[in-house]
Every structure is written in structure tokens, then in C-alpha cells.
Amino acid sequence: MAYRVLGRAGPPQPRRARRLLFAFTLSLSCTYLCYSLLCCCDDLRQSRLIGAPSCLRGPSTGGQKLLQKSRPCDPPGPTPSEPGAPSAPAAAVPAPRLSGSNHSGSPKPGTKRLPQALIVGVKKGGTRAVLEFIRVHPDVRALGTEPHFFDRNYGRGLDWYRSLMPRTLESQITLEKTPSYFVTQEAPRRIFNMSRDTKLIVVVRNPVTRAISDYTQTLSKKPDIPTFEGLSFRNRTLGLVDVSWNAIRIGMYALHLESWLQYFPLAQIHFVSGERLITDPAGEMGRVQDFLGIKRFITDKHFYFNKTKGFPCLKKPESSLLPRCLGKSKGRTHVQIDPEVIDQLREFYRPYNIKFYETVGQDFRWE
């Protein structure tokens, strides 16, 4: 059959049909790609608005290179807003840890602080009694043992010293007792370096009686030591007292006080009478409380005089329990000393006592 050739009449050519099909397919692909990009951008915008992690849904083949650095979203599933959709289990959130709490979960009350007050002396003067009496006060927390930090353990550092202290509230005073501080040459400077505001308590006693008490304690531990007279004198006939013996040297209060006054004013040092602590414990402890700046909580209602020990014992006014006395080593009977030896020692201490009275402004009446 013959065809007429009239312009573009006649059946379409195969090449033209292929071009039309390619154009149509390309148009559909571009439309789908644009739609995918719009959806992804909308997902990103919504995620940022609600604070969810950024992610993109699976891209089409055409957009693979563009989106390959984005983290794919979780697999599609029902959302909580859809009816009948199961609610996702809530993620477990660990409970916050409380700083400073113990293993039981409850925080320990108070803080360990360096002491604001120290009982620095003297040995066998009545320091244990003052410590036990003042611990009754609710505004005072005291270390029960003697840490000997400023004489024997200074090299351990203040952090070690602080770790020994009881925990105290902001309104409470931390206190410790080490009687040997008073006769330690380096102690005043070391305490001053810790805090120049430290309050110092010194319990003093008739130096002759104190020396005999010191010897009695040593004798109970070492029965083979020389006699009191033999240790007290280098030459008893000439009246030469051996000041190298510690029991004698401690009682030279005026000599030791000079070192403390180089660092602390007298107003920062309180002197307790060991004798009045026995005869009038409430009065002496009242003055200690005044010195520490706390109310007079400890009164005569807290004391009971034990005639057997010759010493006051503690009692709680509201309690029916028996009074609590100091240990067996307190109030023990002194060894008998030759009265002439006592007179010689009194004469030796007299100038030191007078100087001590004048310095502190108190007459302890030891003569």
C-alpha cells in the first residue's frame, strides 16, 4: 500500500515515542523526589520543635547521596495518638545521688570542723573533769580522746586532725583536750597558725599537789620507779629542785605561759581552778560557759558530790539514773610524802606562783 506524504501525517516514528516516554518518566521521578524532600524537611522541623533527636525517613533512590549522612528514623509503628496503639513503657530514670550521704541513703548531720576551743593543760589539773562536764552542753561537741596533734602528730596535717573531730552543726562548738600542749614549746605557734581566734582553756592546780598526783599515777603503772623525794631534788640538803623532772617542770605555770602570750592575748585564755572545780563545779563551769560564749546550761543541778571519791559526779536533772563519775584513775589516794619535802617544794614554787597570779589577774591561794 502506498502512503501520501502530507507534512507530518503518518504513524509516529519509534524514536519519537521513546523520547515522549522518557520525558514522562523523568517528570514523575522529579515530582516524587520533590515530594520526599518536602516531607523530610517537615519531619525535621517538627522534631526540632518538640526537642526530639533529628532523623530522616528513608530516602528514595534518587535522594540517597543527599541524605546518606542523616540517621535513619525508627521503624514506623503506631503512635500514642492512634486509637488502640499500645503505650510504650517509660524509660527507667536513675535516682539522683545525695552528696554527703551515708550508705543507708540518709545524710549525716553536721560537718567535721577544726576545733574552735582547746583544753591545753595542765596534766593532772582536772582537764578530764572539765571535758566531761562541758560535753553535757548541747552547744558543745568534744573529742573524747587526746589526739596529741600539736605536739606528737603535727606532721600528719590539718586534714588528718579535722577527720578526728565529731560532726557539729553551725551553732555548735568543736572542742578537744590534750593537756601536754601547755608545756610544748611549738604548740602556741602551731595553734595560732591553725586559727588565731582559737579559745584556750587551762586548768591549773596547786603545783605541789599536782606533782604528787602525777607521781602517784606513774607509780601505779611503774612500781619500781624511785621515790618522789629522790626524783624531786638534785640535792635535798641544799634545797636544789630538779626542774628537769617533768612532774616538777609542769607546775612552773608562769614560765610556760610566756610562750602562749607571744601568740594569744590573755583575754583568749581562760584559767580554771582545779580546787574550785571540786568545791564549786557549777560556778567554775558557769565561767567556762561564759568564756565560750554559750548560755549557762550546766548548773548545780548537774552535780552530785561523791564522798568516797572526794569528787563531784555528773547527773541529769530529769533522769532517775545514778550519777556518772569519772574513771578509777580519777580521785585516787595520793602517796604519803614527807611534810618537809612538801614545804621545800612550796618555797620553790612561790615566786613562780606569784608571777603567775600577777600575769593572769587571779589569786589561786596556793600558799
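One is the number of the first residue shown, and numbering goes on along the chain from there.
Quick reminder: no glycine exception, Cβ is built from N, Cα and C everywhere.
Per TrEMBL, the disulphide partner of Cys325 among Cys73, Cys313 is Cys313. Arg128 (3'-phosphoadenylyl sulfate binding site) sits 11 Å from Cys325 (disulfide bond), taking the C-alpha atoms as the reference points. Proximity to Thr333 (3'-phosphoadenylyl sulfate binding site), defined by a C-alpha to C-alpha distance within 10 angstroms, is shown by none of the recorded positions Lys124, Cys313, Cys325. Note: the CA-CA distance between Lys124 (active site, for sulfotransferase activity) and Cys325 (disulfide bond) rounds to 16 Å.
Here Cys313 (disulfide bond) is positioned 13 angstrom away from Gly126 (3'-phosphoadenylyl sulfate binding site), judged by their C-alpha atoms.
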